[in-house]
There are 2 protein chains.
Amino acid sequence: MESECNLSGGVTAAAGFQAGTASAGIKYKIKKDIAVICSNVPAVAAGVFTTNIVKAAPVLVSMERIAGGKAQAIVMNSGNANACNGEQGMGDALAMASAAATVLGIPEELVLVASTGVIGQKMPMEKVLLGIRQAAGEISAVGGTMAAEAIMTTDTVPKETARKIVIGGKTVTVGGMAKGSGMIHPDMATLLCFITTDAAISPNCLQRALKHAVSCSFNMISVDRDTSTNDTAVVLANGFAGNPVIDNEGDEYISFRDVLTDVCVNLAIDIARDGEGATKLIQVETRNALTLEDARLAAKSVAGSNLVKAAIFGRDANWGRVLCAAGYSGANFDPGRVDIFLGNEQVTKKGCSVEFSEERALEVLNNDTVRIIIDFNIGKYDATAWGCDLTYDYVRINGDYRT
Amino acid sequence: MESECNLSGGVTAAAGFQAGTASAGIKYKIKKDIAVICSNVPAVAAGVFTTNIVKAAPVLVSMERIAGGKAQAIVMNSGNANACNGEQGMGDALAMASAAATVLGIPEELVLVASTGVIGQKMPMEKVLLGIRQAAGEISAVGGTMAAEAIMTTDTVPKETARKIVIGGKTVTVGGMAKGSGMIHPDMATLLCFITTDAAISPNCLQRALKHAVSCSFNMISVDRDTSTNDTAVVLANGFAGNPVIDNEGDEYISFRDVLTDVCVNLAIDIARDGEGATKLIQVETRNALTLEDARLAAKSVAGSNLVKAAIFGRDANWGRVLCAAGYSGANFDPGRVDIFLGNEQVTKKGCSVEFSEERALEVLNNDTVRIIIDFNIGKYDATAWGCDLTYDYVRINGDYRT
């Protein structure tokens, strides 16, 4: 079953979803910084949250509420992470949900919360609540793209995508938006991802599909190896497509899972490409590893290595750093069997240097996307990870140098 | 028992050790790039090597030879890592040891080998062997400092130190040298550390003491989180001090272990301070953690966080990044009990922001050494880790940008 790709509309592409935004002036005077996404009816919900032991208040609120497998709306802000704010932070996160619920006319337990921005500063609640009331009052079925803009921080472009697929004779749409260009200037980073779909699916199947999608996408990108206090990926499924409910892991589940994964991979690549200060996307493909875990560990390690990232910025065909980063990843392999390719150009054979064309290697390194392929020649598992180069601008953005 | 600190002489400070150097032209025409350290008699030997699955040929040779607990000399070069060179690399590493043994007139099995520099390039053996013969032929009891210079790559200063302590009524000297300013421009990184002592000690006790020393020193520094193919820490103990042999974990073992640790910590701090492009040393002290492992994990995670490092470069009192990096370290703690201090200035209390003097925080951040203290208030274990700031120069050095 082929899916239709890269439709517009993001989180409002699927039937029965609306979104609204506001400029509350949380950090910048004129930037959109509040968004509300709402399903016309209560939806099946699933979420994956940061593994950081330090979790922001909105993460704690959303984790508890989503445990029941149901939600109807998400309220979010950029400019302040509402992390490390103690009891007051929890109260503020609950107040945000409550304000949205009142305007939307839905139970506040069905509202999830997400924040991104500065850590350890109190939320300017007067502005925030005003913004939420405005955003919730102006939701519309074409508000998706503006919502994607509202959650940007150091992101340079909004990130959204959508797909259509036929499941059980019905057209199902999956759309999403994301933010996160590394740990975010000036204080905190966050990966936020919100997916909406009109598929009819059980809470268990939705949670399982999301976990799979995240493991192939957001868990396979590395901008700076710092895991935030606010990372959140949430999917709402409202059943408006009218397909028979997906409640077991049959073919229809696989179709849905794959299109959800496709949406997440697309957003993840957009995030990696838009990494802070990045000039290039690095795509690391590991092949023929002993286990899937080995394939993933090695790919992520290479994509996240400062030395590899700096070499790619410098357009240096430095395969030694690639092999080295695979070597300390924890993946099990035989260094004497490893082949490495830069694009189509083989640079390492059985763990040793081979003669290669510097000119063709430089061509590969001049591309916007640099592909590194590592073939372990030892098993049958493949993985792909994405990262970006390490540049002067990363240091400038995150150094926030005081003059 | 107090030890005497920071004596000169490095690896030739202890009795019965000599060192020689040569400029073989391996990478640069006029830089010293070969060193030979030799004990006047066969010595008890212990070593700790890289955990990277990709190990350079000299590491494989030295690991095998040191397993017997005995060695007499170490031959080393900078400018080429002799890593990922397959069978030929192994042959070259063995030939280096053999050339040194011939000139020194000792069994070649007692010679260890170490290399640092570019990965994946064949060793220019003609130059290397010529250099080794010259260095081994010119060993002297005052050659320590020149040997420390010979193993520098992007290091900006040679790193050596020595201590004296009385053990069993005899004065024991422990001296050492090290290199490594992160993963090293242009291709590869390495931490090399060589310690010599005239203590009389059993192989088991020496190995145990070295492991302890490394766990508190070289394993607690982070320049860029990339673990090299060539990391090597070796100690030779030739017994010239004439103390009763240390062969159990009594008081004399503790005295020796602590002075060895002191030497290693001193060298480790020098390495962190001289990190590639670094302008500041970052010292992260974790306190009152639940376990030693928790204390170490959190300290290392904070010292190694790109975001913390960039914030320190930018003199930004960004405690949120500190707490966040502790949070994803794997250490177990309660975020609501954590206090954080920048120098003496408290910036976080029970996981929340406290009012602090921006001016005094900036004073702390203007120091050459920036101390960050994290008190978990949950147990009784402390640890210290060291790192350096992330600067434009790190990117420049490792980007090797092609124009």
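Residue 1 is the first one shown; counting continues down the chain.
Each residue, glycine too, has its Cβ placed from N, Cα and C.
Annotations in TrEMBL come from automatic prediction, not curation.
Here is what TrEMBL records for this protein:
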type	residues	note
BINDING	B:Thr153, B:Lys179, B:Thr190, B:Glu276, B:Asn398, B:Thr403	substrate binding site
ACT_SITE	B:Thr190	active site, nucleophile
DSSP-derived structure type at B:Lys179 (substrate binding site), helix or strand or else coil: strand
Cβ-Cβ neighbours of B:Lys179 (substrate binding site) (radius 10 Å): 28
Secondary structure at B:Glu276 (substrate binding site), reduced by DSSP to three states: coil
Neighbour-count leader, CB within 10 A, binding-site residues: B:Thr153, B:Glu276: B:Glu276
